[in-house]
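S.K.: Sharing a structure here in structure tokens format.
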Amino acid sequence: MVCNLNSKIALVTGGGAGIGRAIAKRLAESGAIVAVCDLIGESAGQVVQEIEQAGGRAYGYALDVADNGQVEQVVKQIESELGGVQILVNNAGITRDSLLIRMSEDDFDRVLAVNLKGAFNLTKACCRSMMRLHWGRIINISSVIGQMGNAGQSNYAAAKAGLIGFTKSVAKELAARNITVNAIAPGFIATAMTEKLDPAVRQSYIAAIPLKRAGTPEDVASLCLFLASDEAGYITGQVIRVDGGMLM
Ligand code: NAP
């Protein structure tokens, strides 16, 4: 199946690295005009260059998704420079792992602010133009950890589980405007986020995956492209895992 995004305006948060970078590139390859947003403007700029070199169209923006004022300002700028956002991918995420007994309030708050409130900030800012257009796609990058929990990640699991509840509620609110809202729950994907784990821990995760390998950012990007396309127009409020069978 060829999914053609026909010059639709897409915004990808955390698009400067890992899964977000692969998603931004895949959407651009399929014809979207992509606003690549990242905490560090230079990382976004690098991905924009890669997209342009491959013949696609993209623009870079520095954006901290946890800062609601900044989100409103950048979304307004994107609307005036490119047009209303039609495809939103809430991908930016961080981990700050430790056992609950040692977890600081700051580590709990920051993980919630980026992974969960970031999605609220962006969705609220972008859904107005989607409502006007009567077409939209919102794709939230959750995690299998939000469904199964993980020792040392109570903050991250809470944020990712919260994102699933957020996805389903907003899907119900926006369905009448022909806007679909879905979550992707990746398993263990090879990016900077998982590279920082102890090699023995990494091996133990891979050993527990039926397909016996870590996923790639491109594995996640393929599903994201499908959910962003017209072909996925009757799928909303769903959580779809890309995890090599890690959680069944
Ligand atoms: P990554 O390689 O660390 O990339 C995350 C990107 O988000 C980085 O470019 C990072 O910028 C950016 N970012 C961090 N905080 C931000 C903020 N406040 N505002 C905007 N951008 C911000 O991580 P990844 O593995 O690609 O993860 C992408 C998403 O997938 C996350 O939501 C993650 O929770 C989820 N996920 C990942 C896995 C996995 O195994 N990798 C599994 C399940 C779910 P800096 O580099 O400058 O910090």
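Each Cβ is built from the backbone N, Cα and C atoms, and glycine gets one as well.
The active site, proton acceptor feature in TrEMBL is assigned to Tyr156. Annotation comment: TrEMBL describes Asn91, Tyr156, Ala157, Ala158, Ala159, Lys160, Ile189 as NADP(+) binding site. What TrEMBL records for 8-187 is domain 'Ketoreductase'.
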S.K.: Listed binding-site residues: Asn91, Ala158, Ile189. Which have a CB under 6 angstroms from an atom of ligand 1?
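M.R.: Those binding-site residues that pass the cut-off, since their Cβ is under 6 Å from ligand 1, are Asn91, Ile189.
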S.K.: Specify the secondary structure state of Asn91 (NADP(+) binding site) as given by DSSP, simplified to three classes.
M.R.: coil
S.K.: Between all pairs in Asn91, Tyr156, Ala157, Ala158, Ala159, Lys160, Ile189 (listed as NADP(+) binders), what's the biggest Cα distance, rounded to the nearest Å?
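M.R.: Value for the max Cα separation, rounded to a whole number: 19 Å.
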S.K.: Within 10 Å of its Cβ, which one of these binding-site residues (Ala157, Ala158, Ala159) has the largest number of other Cβ atoms?
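M.R.: When each Cβ's neighbours within 10 Å are tallied, Ala159 tops the list.
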S.K.: At a 10 Å cut-off from the C-beta of Asn91 (NADP(+) binding site), count the other C-beta atoms across all protein chains.
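M.R.: Around the Cβ of Asn91 (NADP(+) binding site), 27 other Cβ atoms lie within 10 Å.
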S.K.: Along the domain 'Ketoreductase' (8-187), what average pLDDT does this model show?
M.R.: 98
S.K.: Compute the C-alpha separation of Ile189 (NADP(+) binding site) from Tyr156 (active site, proton acceptor), stating it in Å without decimals.
M.R.: 16
